[in-house]
């Protein structure tokens, strides 16, 4: 079981309130991602749940029992850190066995569990090495191994992939998702990378300056962002936000159209612009188009290879059903 | 761009380095040489360097007149005792300052160091009177305690510097893994800080071994270490340079040998964290 409830949890460092009172429910077995720009309080929130920081107010409940003032060890949670935080003086085996040794488990059971975890994570051939002799990806696996042997009620991940190179990151992303499917244990995952959030989460919590901006499934956030911040943060490349006369035509202060929701044509369309930089990826082509009267260039996604280049004129028609409308405060208009 | 160093410059600098090194080493060399001379050769003018009749007479006389082993044992007890006690107190202190700093931690560190700037003689009488009251004058226990207190600021400072280099996340991981504070310090922090603790121990042994002010003023016979052994040859019967030198050589030999074998560890310890 791993149901975690935050009730009016707040955190202040001195006079600075980094997390104003906040409510959140995390169901058992859910994969929840906290996402937001750096400094939004997502790591602090995770550390409050872990017990590594004391709350300044409110209540944290794990499986119905009050855990607000329990020490990290007593909460039954396991954490994987950004820097892996392996014990450099211990072998892989001892690293993975450490939490079991602390729990006072007998040696035969420890060996059985460590060997099991090492096998699942493909660590068996490195089991007697020290962390210093492993690559980044292997170290991350050891950190995950150390977390899973305890069979915790929930896993906490603090930006676990940001020290890995791009190719390895994609691989580890899949491995963690796979692990979640197999263990069906609650996972809370902190990242600033919205692609990780979109691909891994059952539920995304978007944070800004300690506030929860929106909670929902990846596609809910993609389809109906509650405000311009979520609209701009979720989706890659980010949504085009247009203010002024064009927005007023739709009865809004700001309208948003995602790069993939445009028809492009050489003959005619709603807006006409000039292509600036274009990025040809093979599977997709992204054009950055300057439209007279718009404050910012638009980003347009065209499927496959499109033979348009710098300086060409392009006609754009936004998909009418995919135009998001926001008021002057940035909130979504239904 | 790498700076070009000509061979000529290298030679000049090497010669200079050797010159300074020899200058620092010369008094020790001179003491050792003098210890093998007769009293007459020791004060010969002009001084004699190697061309004299080598003799072990001084060592024999010194050994006969005073019990070297007793002083040596006292020195060992004081140096090891005060270092062990100091480390025991300094590890938790440095841990708290490095990993759970409060608003005034920096001030506390500076205040501790400032106690080293106080002239020791300023508190000599209060401490002496306290020891007399307690009946602990000329006792090893009291001296171990005082030497520990004197070197404690330096031990804490050194350990604090080492601990600061250890990422806090590793200790947090230990906490998540169910380690109590004791487990955390015993199984995670201390093994990771072993090189730092080793250099601190070595330096502190040397400092305690060489400490002369308190060991001379608070001991008479029972607790007197090698510093008192040397001092006993310096004044009372006029100046017997050769015997004084023999006593000095015997007093510094153990620490010199220890320093020689641990120099790599010491240099690493003293420059740790300076270049990163």
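In case you wondered, yes, glycine gets a Cβ from its N, Cα and C as well.
TrEMBL annotations: computationally assigned, not manually curated.
Annotation source TrEMBL lists domain 'ABC transmembrane type-1' at B:72-262. The annotation transmembrane segment is assigned in TrEMBL to B:12-33, B:71-96, B:108-129, B:141-163, B:184-207, B:213-233, B:240-261.
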Stretch with greatest number of CB pairs under 8 Å, the transmembrane segment (B:184-207) reference, B:12-33, B:108-129, B:240-261 candidates: B:240-261
Which listed range (B:12-33, B:141-163, B:213-233) shows the maximal number of Cβ pairs under 8 Å with respect to the transmembrane segment (B:71-96)? B:141-163
Residues from the same chain, set at least six apart from the ends of the transmembrane segment (B:12-33), whose C-beta lies under 8 A from its own: 49-50, 245, 248-249, 252, 256
Taking a Cβ cut-off under 8 Å, which residues six or more beyond the ends of the transmembrane segment (B:240-261) line up next to it in the same chain? 28, 31-35, 37-39, 41-43, 58-59, 61-62, 68, 71-72, 75-76, 202, 205-206, 209-210, 226-227, 229-230, 232-234
